[in-house]
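Colleague: Supplied in structure tokens, the structure appears directly below.
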Amino acid sequence: MYETLAVVGATGAVGRIVLQQLVDRDFPYKRLKLLASSRSVGQEVRVKDETVRIELLQPGAFKDVDLVIASTPDEVSAEFAPYAVEEGAVVVDESGYWRMDPKVPLIIPEVNPDAINDHQGIIASPNCSTTQMVVALAPLHHAATVKRVVVSTYQATSGAGLAGNVELEASTKAILNGQAPKSETFQHPIGFNLIPQIGSEKHEGYTSEEMKMVYETRKILGDDQIQVCPTAVRVPVTVGHSESILVETEKPLSVQQATELFRSAPGITVVDDLPNHGYPMPRDCDGKDDVFVGRIRRDISGNGNSIAFWCVSDNLRKGAATNAVQIAELLQKSVASAN
Ligand code: 2RA
């Protein structure tokens, strides 16, 4: 049981779901502290049967805190996480800032739970587009060693926070009303559109979002040889990232073997019944914690060592809040078993 749990960024798109997950999963803590920037200080948030007042995120705020679950922009995490650790807390961080730091474990509890034993105060949760892909790749990797992945994402507007969904609605309404849509959160109007850019240019024409999928996949699966070619696309869907994935393995896998591996892996639900129009779609996955896999098929362009599939997950849940709360649960188990 944690004495004091702090949630940083509780009023954001992910932070709200973190609070809901704490209640739904009956997460053990005695006292809950909510921390945010001065903009939200004083706001009251209802959690289970108590009302919690948001306090200022500042040095000294973690002196009585054991565990932090944080969902903030990178620059906020870069500043507060070191002093939170210095003040005695362990930080489960959802920002991108610490993920590739060699001293920071990057964890998906179903995939690499043992990495938690190496933490030095900060534990990172991967980017949403990486998390769902790696949950799906892990059983194939363990059985047949993943060599190469070609992935195209179809990412929901909530990946850009509450502002992303507000802009999708405003943009769609403006277009339906014959007005010019505005684009402030995204590079172009998102209503009735697809935008093949998430993040900024990072490496040889690949964006920062795409390179996260390359680097984080290797770190989580512990294999620097895995080659990933990603294309990340923003789509006019509020919740649920979808991914078209082609995976090449060292040992060949039949469609039946791959399907069995997906079915028996933790955190994956297979929905694969093309004749009856059965496959995962964002609307059906909204509000669910699993990663959904379907359209599992042989790569008819390949040499027998590759499988194609479709993967959908709620980006705010397994892609963010659920994974962070699962890390916190894992941490508690590892502390309990060490004592
Ligand atoms: C996005 N992956 O969807 C980002 C959020 N972390 O924009």
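Keep in mind that glycine also has a Cβ here, set from the backbone N, Cα and C atoms.
Grabbed the feature section from TrEMBL, which reads as follows:
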ACT_SITE  C128  active site, acyl-thioester intermediate
ACT_SITE  H241  active site, proton acceptor
BINDING   T11, G12, A13, V14, R39, S40, S158, G159, N315  NADP(+) binding site
BINDING   Q155, R234  substrate binding site
DOMAIN    4-119  domain 'Semialdehyde dehydrogenase NAD-binding'
Colleague: Hey, which of the recorded positions R39, R234, H241 is the loneliest by Cβ count within 10 Å?
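Modeller: Lowest Cβ count within 10 Å among the recorded positions (R39, R234, H241) is R39.
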Colleague: Where's the emptiest Cβ shell within 10 Å among the binding-site residues T11, Q155, S158?
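Modeller: Least crowded of the binding-site residues T11, Q155, S158, by Cβ count within 10 Å, is T11.
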Colleague: Out of A13, C128, which of these recorded positions shows the lowest number of other CB atoms within 10 Å of its CB?
Modeller: A13
Colleague: Could you tell me the maximum Cα-Cα distance in Å between the residues recorded as binding NADP(+), namely T11, G12, A13, V14, R39, S40, S158, G159, N315, rounded to a whole number?
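Modeller: Greatest Cα-Cα span of the listed binding residues: 26 Å.
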Colleague: In Å, rounded, how far does the Cα of S158 (NADP(+) binding site) sit from the Cα of H241 (active site, proton acceptor)?
Modeller: 9
Colleague: Between the Cα atoms of R39 (NADP(+) binding site) and the residue listed as 'active site, proton acceptor', what distance do you get, rounded to the nearest Å?
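Modeller: Spelling it out, the Cα of R39 (NADP(+) binding site) and the Cα of the residue listed as 'active site, proton acceptor' are 30 Å apart.
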Colleague: Nearest by CA distance to T11 (NADP(+) binding site): which of the recorded positions is it, out of C128, Q155, R234?
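Modeller: Of the recorded positions C128, Q155, R234, C128 has its Cα closest to that of T11 (NADP(+) binding site).
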